[in-house]
Amino acid sequence: MSSNPSSVEKKLLHYTGKAIADFNMIQRGDKVMVCLSGGKDSFTLLTILNQLRIKSGNKFEIFAFTLDQAQPGWNDACLRQWLAEKSIPHEILTRDTYSIVKEKIPEGKTYCSLCSRLRRGIIYRYAEENGFNKIALGHHRDDLVRTLMMSILYNGDIRSMPPKLLSDNKKHIVIRPLCYVQEKDIITFASEQAFPIIPCNLCGSQENLMRKKVASLIDQLAIENPKVPSNMLHALQSLKPSQLMDQNFWNFKNLEDGLETTQSIQCEEVFNAQEFELEDEKI
């Protein structure tokens, strides 16, 4: 911890440490690869994790990994200097995913999906080749609740970003230690620390992203009720399958079997779902 930490720094240390403890994100001997994109979130994550590492007595290792995707205007000189001053082990790897994205995605469409997929593959491969068993990402509380809202409104399912995830190849654990942290606190901390932020020129120019619309909607609701974002985060930890409609998680069809009655109940279906099917229609 800094010799004289600010109130927001103390807050970040508290909530990051709590998330790590709540979800058992980091254990003794872990080699944690922190994905440092050059944005405020990843700078904050790396800084706070490094302080927690020191506080733990170096019970785990951290390593900063930055992927240079060959975007026009990319300049990591200040980033390299900052990392050297902090004495944090790191590597900046260059892979031209920018050209692939520009070639595959039509002008005006969102690049994020393909860009993140290509980036994820490179990150997993690098972690495996270099012996890192944990991959730390800088998503914060507001990312989680916005993703939840986007999934409901645009995809028709209930999902978000889990605090801890087993990768698809079953070789890594992905962790999000900032999952309890509010974005406004990250903004304040980034300003205090004067991080050498590298803007994303690819995504930043696309103002029509759904995520920005959803963020604006949540912000508007929070004006009327400031607890809206925290309530949404709590909802991710408080699912009640019996109050939803997913038949994979709750046996609605055979609830009669749970009735406490002396009468014998025959649970024969009156209707068959196939009788009411319509082509190409979704409720």
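Positions of Cβ are set from backbone N, Cα and C atoms, glycine also.
Sequence annotations record features per position, and here Swiss-Prot assigns [4Fe-4S] cluster binding site to Cys112, Cys115, Cys203. The 10 Å shell around the Cβ of Cys115 ([4Fe-4S] cluster binding site) contains 21 further Cβ atoms across the protein chains shown.
For the motif 'PP-loop motif' (37-42), the list of distant contacts is 66-67, 76, 79, 137-140, 143, 178, 183, 186-187, 190, 195-198, 200: same-chain residues at least six beyond its ends, Cβ to Cβ under 8 Å. For 37-42, the entry in Swiss-Prot reads motif 'PP-loop motif', with the evidence type sequence analysis.
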